[in-house]
Amino acid sequence: MKKTYFISDLHLSENRPKLTALFEHFMHNIAPQAQAVYILGDLFDFWVGDDEKSPLISRVQAQIKQLTEKNIPCYFIHGNRDFLLGEKFAESCGLQLLPDYKIVNLYGTDTLICHGDTLCTDDVNYQTFRRKVHQKWRQRLFLLLPLKVRIKIADKIRRQSRHDKKMKSAEIMDVNGEFVCQIFERFNVRQMIHGHTHRQNIHQIPPHFKRIVLGDWHDDYASILEVSEQETYFLPQTAR
């Protein structure tokens, strides 16, 4: 049976080895069954440049390369934590980078895929920050800094983000329903898949739209969406 897998928001880091093991289990035992695998952002908890080397990065690189060498394409849309992941890393393992919004045909259904952070328009402070850090000249300047300095800056931003989340309401950090409907109309699709909010669900939106939200990963649970010609559902998946 033809099938495609979607994952996002793993937030892999050196201090979460069980998460890395869970990702490796997925890539070794589940992903090879697919026609394609889509990673919709925040694969890593942070990314400061393709020049960083670590055991974690090498392990993830190896898993993606093993999959793509089996002629199973692996696609990636940048998240808010790993938007600096670049062509150098992608080329090293066969990962295919996609734009922020991409329409893919899933067994006859045109589907818009994205990370999901752009849909959270009520979070004005975040959207302002996002526009700034996505400016190419800022990114080029940042990548010119020494690696140790970039890591310190990323860690500071990450800690500030955690603090800000505690101060924001759940509604602000979720998607804006009106904007979502505008996106459906703009791209002329009836189905959307995204991550970012960590609120795994399949929403039916009248009159005929479907919005599928990928969940985040935990040490003992992986949010994996399987799409086939017959059905769309989340796999039950626990740590190995």
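The backbone N, Cα and C atoms fix where each Cβ goes, glycine too.
Because the structure is a prediction, the values reported are computed rather than measured.
Annotation comment: Swiss-Prot describes Asp9, His11, Asp42, His198 as Mn(2+) 1 binding site, evidence class sequence analysis. Here Swiss-Prot flags Asp42, Asn80, His115, His196 as Mn(2+) 2 binding site, drawing on sequence analysis. The substrate binding site annotation in Swiss-Prot covers Asn80, Arg81, Asp123, Ser161, Lys165, Lys168, His196.
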Taking every protein chain shown into account, which of the binding-site residues Asp9, Asp42, Asp123 has the largest tally of Cβ atoms within 10 Å of its Cβ?
Asp42
With the Mn(2+) 2 site defined by Asp42, Asn80, His115, His196, which remaining residues of that chain have Cβ atoms positioned within 8 Å of the Cβ centroid?
Ser8, Asp9, Leu40, Gly41, His78, Gly79, Arg81, Gly116, Asp117, Gly195
Please report the number of other Cβ atoms within 10 Å of the Cβ of His115 (Mn(2+) 2 binding site).
25
Site with most surrounding Cβ atoms, counting all protein chains shown within 10 Å, from the binding-site residues Asn80, Ser161:
Asn80
Within 10 Å of each Cβ, count the other Cβ atoms and name the one among the binding-site residues Lys168, His196 with the highest count.
His196
Looking at the binding-site residues Arg81, His115, Asp123, Ser161, Lys165, Lys168, which ones sit with their CA no more than 10 Å from the CA of His11 (Mn(2+) 1 binding site)?
Arg81
Neighbouring binding-site residues, C-alpha within 10 angstroms of Asp42 (Mn(2+) 1 binding site) - of Asn80, Arg81, His115, Ser161, Lys168:
Asn80, Arg81, His115
Between His115 (Mn(2+) 2 binding site) and His198 (Mn(2+) 1 binding site), how many Å separate their Cα atoms?
11
Greatest C-beta neighbour count within 10 angstroms, which of the binding-site residues His11, Arg81, Lys165, His198:
Arg81
Tell me, which binding-site residues from Arg81, Lys165, Lys168 are within 10 Å of Asp9 (Mn(2+) 1 binding site) if we use the C-alpha atoms?
Arg81
